[in-house]
Every structure is written in C-alpha cells, then in structure tokens.
Amino acid sequence: MKVFRQQLEQLGAQNQYRSIPDLIHQGRYITRENRKMLNMSSNDYLGLASDENLRRSFLQQYGGNFPSFTSSSSRLLTGNFPIYTDLEELVAQRFQRESALLFNSGYHANLGILPALTTTKSLILADKFVHASMIDGIRLSRCAFFRYRHNDYEHLKNLLEKNVGKFDRTFIVTESVFSMDGDVADLKQLVQLKKQFPNTYLYVDEAHAIGVYGQNGLGIAERDNLIAEIDLLVGTFGKALASVGAYAVCNQVLKECLINQMRPLIFSTALPPFNVAWTYFIFERLPQFSKERSHLEQLSAFLRREVAHRTQIMPSETCIVPYILGGNEATLAKAEYLQGQGYYCLPIGPPTVPKNTSRIRLSLTADMTTDEVRQFAACL
C-alpha cells in the first residue's frame, strides 16, 4: 500500500487530488457542506433535468405500465427491447441518416468505436484536445496515430499528405464543441479535407452540442448543414437531453461492423428500457426547445464578454465559458471564493487541461435568468 499512498500524497502536493463530493441537488441549486449554491458547473444545458412538467408528462404517458427497470443482459443476448430499436429509428430519421446505434455512455462509445473499425494497418489523426474517452479508444486501437495541433487544419493536412498512402484507412477524430475551452471545430474544413484523401473517414463527437445547436437541436453538424458528410456522428443523452447513454449515426455497414466488433457494446449489460424510454420522450421533443436554445445563447454571449474583460483570454463560442487563471492555487482559491458567494464553480487543472491553463469551467443552463448571470458576473 505504501506506493499507492505516496501517489496520493504526490497528487495532493500538486493540488491534483480528486475526491467525490457529497451533494444535495435541488433543481438549479446544489447544497454542499451546508452551503446552497447556484450550479454553474452543470452540463444540463437546456435545463431539462429538473423540469417537473416533463417528468409528469412522461410518467402519465405510461400510466402504471412502465418499461422494465433492467435489461438484465447484453443486447446481443436477451437484453434487447423494442424501445431500443424505436429510439435508434427515431434518431436515424431525425438526422436523415441510414442508421443509428445506442451505447451505454459517451465514454463507452468513444472507447469502443475506433478499436472496432481500425486494424494495425490503420491511421488515426486526432485533435490535440479531444476528450479522454477518445484518447483511450485510440490507445486501445493499436494502430498508428498522430495528434494534430488544436483546430490547426494546415497541420492536419500535412499529416494527411505524409501518411495516408501508408495505411489501409484513416480516421480524422474531433469534437465539435470542445468540453474545456468551449470553442468549435470547423467541420466544413474537416469535411473538405476528408474528401481530398482516399479511404479517409470523419468521426465527430457532438457530446456538448447535441440539443444546444441547430434548428432542431441536432448539433453543430446540423447548424452547418453537414450531417450527411460526416461518417460517424456521435453524441450523448446525458447532458442537454437530461438522460443517459449515447448514440452514433452512420451508414448500415458501419453499424453492423460495430455490432460485430465493438467490445463495450457486445459485452455490456444494456441500459434499462425505462431510461431509454425517457430518452425517446425527450429526443422526440428536441425541436420544441428553440426558446431554451435562444435564451442560452444570449446568456452565454453576455458571460463570455464579462469573462474576457477580466482575463483577455476567451476561446469559447458556446455556453461552456472557461475562466482561465493559470496556476492551480489561484484557481482553487477563486473557486472557493465563488462558492462562498453562492455559486457552485469547480476548478479544472492538469492533466485535464494543459499546464498553466487551470481554469474554472463555467457552464450555463437555459433555466438560469439574466439577472442571475449578471449577479454572478459581478462577483468575478
């Protein structure tokens, strides 16, 4: 045990020690250590997670005849239920794509997709800032990979020119909205690059965009009219959609490859049908939340301006607003101060973000009021 204690002590000395907090949730508020605070760190972007009207409508829809609370098995054994197929068909229809496939979480999706679709003769080119789940999927793929500089498409093009001919297939991997900086990938440029090289596929994670962007809330790819051009479009239900699980939209061939070769899908007990039914209920109503999306964008634009005045650094274009302070100690102190003022703000430091870019990751939700965000900004 000594070596493990030393590791923990080292993390503590570097202000990188993590622990699971004891929290009480009350709608938009969180109580921690007897302090009730407005939650400024949630991924519940549309503010649906505590919407009692939605919950009531969902429960009334089923009366007392609820879907099963467990699948008890993998979908490939006895764990498949009609509601899974119903949701996959709805997702594919909304995206106007041939197929969709469900996963237990965004982490499961990103962990399993690339290993299932690559060989030791394949190449992966990933944005430097992609999520840890994508990095883990890349590592499990056992194929060659390079990480291009963040949103630097000249660097990506150079890597493509030097390497594509040496491999049987190439995957370009990116997020659309990046989870720590809140900036947005140029999907149009990525599609154009993909088309210039043979056997090259584009894989985009819309975890922080689904529900929030696009006329129907389908993400940045919808906003930019590029859904049909992206080979694998992945998103989660656990953020703006207030549920659990994830999806990929793709063609039928890729879907069947994933069903046959994706280990996290094959060997995991499927999500409870009850949860999938809730996801269906929310996803079906996604186009109706345009008012929430518009209000969220107004709040976000205001807070981005306020933070930029204080830091002179503002990469964000979205409702994820990084308040970059640099060092760990300053960031921890600022987070503690803001919590004392009644705002649940969390510090983010290395290795989650690059060294000397520790920040408070602020994320806004559509159920916040303009006055609440103004009062918060005054505390910065």
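Every residue, even glycine, has its Cβ placed from backbone N, Cα and C.
As annotated by Swiss-Prot, substrate binding site applies to R18, H131, T352, with the evidence given as similarity to another entry. Under the DSSP three-state reduction, H131 (substrate binding site) is assigned to coil, being neither helix nor strand. A simple way to gauge crowding: the CB of H131 (substrate binding site) has 20 other CB atoms within 10 angstroms, across all the protein chains here.
If you look up Swiss-Prot, you'll see G106, Y107, S179, D205, E206, A207, H208, T236, F237, G238, K239 marked as pyridoxal 5'-phosphate binding site. According to DSSP, H208 (pyridoxal 5'-phosphate binding site) sits in a coil region rather than a helix or strand. Neighbours of H208 (pyridoxal 5'-phosphate binding site), defined as other CB atoms within 10 A of its CB across all chains, total 30.
Just so you know, the Cβ of K239 (pyridoxal 5'-phosphate binding site) picks up 23 other Cβ atoms within 10 Å once every protein chain is counted. As annotated by Swiss-Prot, N6-(pyridoxal phosphate)lysine applies to K239, with the evidence given as similarity to another entry.
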> Cα distance, T352 (substrate binding site) to K239 (pyridoxal 5'-phosphate binding site), nearest Å?
Replying inline: 19
> Looking at the binding-site residues R18, H131, T352, which has the shortest Cα distance to H208 (pyridoxal 5'-phosphate binding site)?
Replying inline: H131
> Around R18 (substrate binding site), how many other C-beta atoms are within 10 angstroms of its C-beta?
Replying inline: 8
> What Cα-Cα separation, expressed in whole Å, is found between F237 (pyridoxal 5'-phosphate binding site) and H131 (substrate binding site)?
Replying inline: 16
> At the level of the C-alpha atoms, what whole-angstrom distance separates E206 (pyridoxal 5'-phosphate binding site) and T352 (substrate binding site)?
Replying inline: 19
